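Asks: First the structure, which I've put down as C-alpha cells, then a few questions once you've had a look.
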Amino acid sequence: MSGPTRDRLRPARLAVPDVLRTGAVGLRTRPVRALLSALGIAIGISAMVAVVGISSSSRADLDAQLETLGTNLLTAENGSTMFGDEASMPLAAEAMVDRIAPVDEVTAVGRIPDAGVYRTSKIPVAETNGLVTYAARAGLLDATGTEVASGTWLNDATAHYPAVVLGSLAAERLGIGSAGPDTQVVIDGRRFTVIGVLEPAELTPELDSAALVGWPVARDELGFDGHPTTLYARADEDHVEAVQSVLAATANPEAPNEVDVAQPSDALEAQQAADQALTSLLLGVGAVALLVGGIGVANTMVISVLERRAEIGLRRSLGATRGQVRTQFLTESLLLSLLGGVAGAAIGATVTLGYATTQSWETVVPAWTVLAGLGATVAIGGLAGLYPAIRASRLSPTEALAAP
Amino acid sequence: MIGSRGPEPMIELDDVRKDYAGGVQALAGVSVLIRRGELVGIVGPSGSGKSTMLHALGTLDRPTSGTVRVAGHEVGRLSDARLSALRSRYVGFVFQHFHLAAGRSAVDNVADGLLYTGQRIGERRRRAALALERVGLGHRMRHRPHELSGGEKQRVAIARATAGDPPLLLADEPTGALDSAAGAGVMALLRGLNRDGTTVVVITHDHDIADSLPRRIRLRDGRIVDDER
C-alpha cells in the first residue's frame, strides 16, 4: 500500500455515456414536465423550419417553373402616345425585331378592337366577360411556352378559316370544357369553331382571357388592321438585357417611348420577393416562440435544482465535484432543449412535406435550417441551464443534505 | 508493513471549531483521534453538534478553525475537486433517510454510488450486485425503493456506501427511521463491516445502541464530554 499522503487525489472523469445518463435522470424521473418544457422549444423550432421549408419549396417550384419557361422572354407592348391615345407599332415591327442578332424568335399578337367573344348570338353585347380577341401568329405558343390543354393550335390552314383557340380563363368563362368541331363561339357576329383550349400561360397571363384567331382570318373577317399590339421575343440567354435595351427603338423606331418593354419572368420573381417579406415576419414569430420555449426550459431547470437538493447533496457525498454537478444540470438542460429541437425539426419538416404535397411542389427543407435550428436549441439549452447549473454546483453539501 | 506498528490514524481532529452565522457555535474545539479499524459511536442530544461533527469527519464541511485529517490528508488544504476525490475513495455515507433515488432499482441505486470513482457501468453493476449480496439483499436487486421495507432500504444504502470498499463508513442515525428489529439488523451489518476492516463511525442519540459499541464519544454543546472504551 502506498502512503496515503502521496496519493494525488485526482477526481475521476466521467465517461460520456455516464454524463448523458446522469443528465437524463431528471428527464426520466419527471417525464411529463420534461415533455412539456421540450414542447415549447419544439413549437419554436418547428415554426421556423416549416416557414423556411415552405418558402424554399415554393422558391424551388418557381425555379423549376422558370427553368422550363425560360427567363429570356421579352415583351414589347403598345404604350400610349403623348396625348394619351393608344400608340401603334408599325406593320414591319416583327420583321425589324427579328433582325436584332441575339433574338432567336419573335412572334406577335394584335388586339382586334371591339371584337367581343360570346357563347351564342343571343348574349347581350355588353356582357363581354372581359374577353379580348387577338390575331395570333403561329409561333405564339412556342415563344410563350404555353401548352394546349385540348384540341390543337392554329396552323397555316386554320389561320385562314373561322377557327379560334381559347385561353384557359376564356374557355372557363364561356363554359367550354374542351375543343371540338361542334363547339362554336360568336366573335363580332361571326361563328368561329373552337379548335383548341390552352393551359394557363404562366409567363403571359394576358393570353388566359384571350380568344386567339389566325392573322389572315382576322384581317379578312374581323377588320383587323394588321398592326401588332404585343411582340414576344425570345432572346439569347446571355444578351437578354442588351436586347431589352434596344427592343423599344427597334419595334417602333419613330416613337420608341410609346413602347412598353417588359420581362414577364420579372413579375414572378417580384411576387416571390413579396412572399419573402412575409417569410421574414413569420420567422420572427418563430424566433419569439423559441425564446419563450427557452425561458420555459430555464424555469424547469431552476425548479429542478430546488427540488433535487437532496440528490445533489447525496452526489456530493458520493464524491461528485462541483464541476460534475454543474455538468449534470447543464447536460439535463441541453438534453431537454435538444429533445425539443429534434422533435421540432421533424414536425417542421413534416408540415413542409404536407404543405408542399398539397401544392404539388417538390419538398425542400434546407439542411442549414435544420442545423441552424438545432444549433439554436443547443445555445438556448446552454443559456437556460447555465444559471441553474451554477446554483446547483454552489450548493453546500451539508445544506443540500439537510433538505427534505 | 504498517500493521506491525499498530493501526494508523483514520481521522484526526485537532481543536476543530465550527461557527455558524448568527453566533451559533456548533463545535467548540473538538480534538479526537480515530484509528483504522475502530467502531465508534458519537452520542449526544440533538443540538449537541453530532451532525456538524459528522460533516467535518466526512469532509462535507470545512471547520471555521482547527485541522481535520482524513486518511492522512489535511482537509483544509484540499481544493473542492480533491476533497470530492477523497470522499469518492475513502468515505462512505449512510443517512437516516436513506436518500435512495425513487424509481430506480436497488442495483442501480448501489451502482450509482460508484459513479464518481470513474468505473465503467459494467464494473459498477457487478460490484453493486456483490455489495447487495453482502448486505443480504441478493434477492431484491431489481426492486425499487417503494417496494422495500425501511430496513431493506437502509441496507441498500449501506450497500451503496460500501460498494467501493471505502476504508471509512460514516452513518448518521442509521436506525433513526427504523423499528428496533430492523435497526438491530442494520447495526449487525455495520458490525460485520467493521469486523472485515472498515472503520465505522455511527452517530446516534439512542443510548442502547451507543452502549453496544466498543468506543463512545459523548458530545454536549459542541464539546466532547466523555470518550470511553
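Counting begins at 1 with the first residue displayed.
Cβ from N, Cα, C; glycine included.
These came from TrEMBL, pasted as-is:
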TRANSMEM  A:34-54  transmembrane segment
DOMAIN    A:35-247  domain 'MacB-like periplasmic core'
TRANSMEM  A:281-306  transmembrane segment
DOMAIN    A:285-397  domain 'ABC3 transporter permease C-terminal'
TRANSMEM  A:334-355  transmembrane segment
TRANSMEM  A:367-387  transmembrane segment
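For each feature listed, report its degree of burial, its nearest neighbours and the pertinent distances within the displayed model.
Replies: Confidence over the domain 'ABC3 transporter permease C-terminal' (A:285-397), given as mean pLDDT on the 0 to 100 scale, stands at 92.
Long-range Cβ contacts of the transmembrane segment (A:367-387) within its own chain (Cβ-Cβ under 8 Å, at least 6 residues beyond either end) map to 41, 45, 48-49, 52-53, 56, 290-291, 293-295, 297-298, 301-302, 329-330, 332-338, 340-342, 344-345, 348-349.
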Asks: Determine which residues of the chain contact the transmembrane segment (A:281-306) at the Cβ level, with the cut-off under 8 Å and only residues 6 or more beyond its ends counted.
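Replies: Contacts with the transmembrane segment (A:281-306): 26, 30, 33-34, 36-45, 47-48, 51-52, 312, 329, 332-333, 336-337, 340, 376-377, 380-381, 383-385, 387-389, 391-392.
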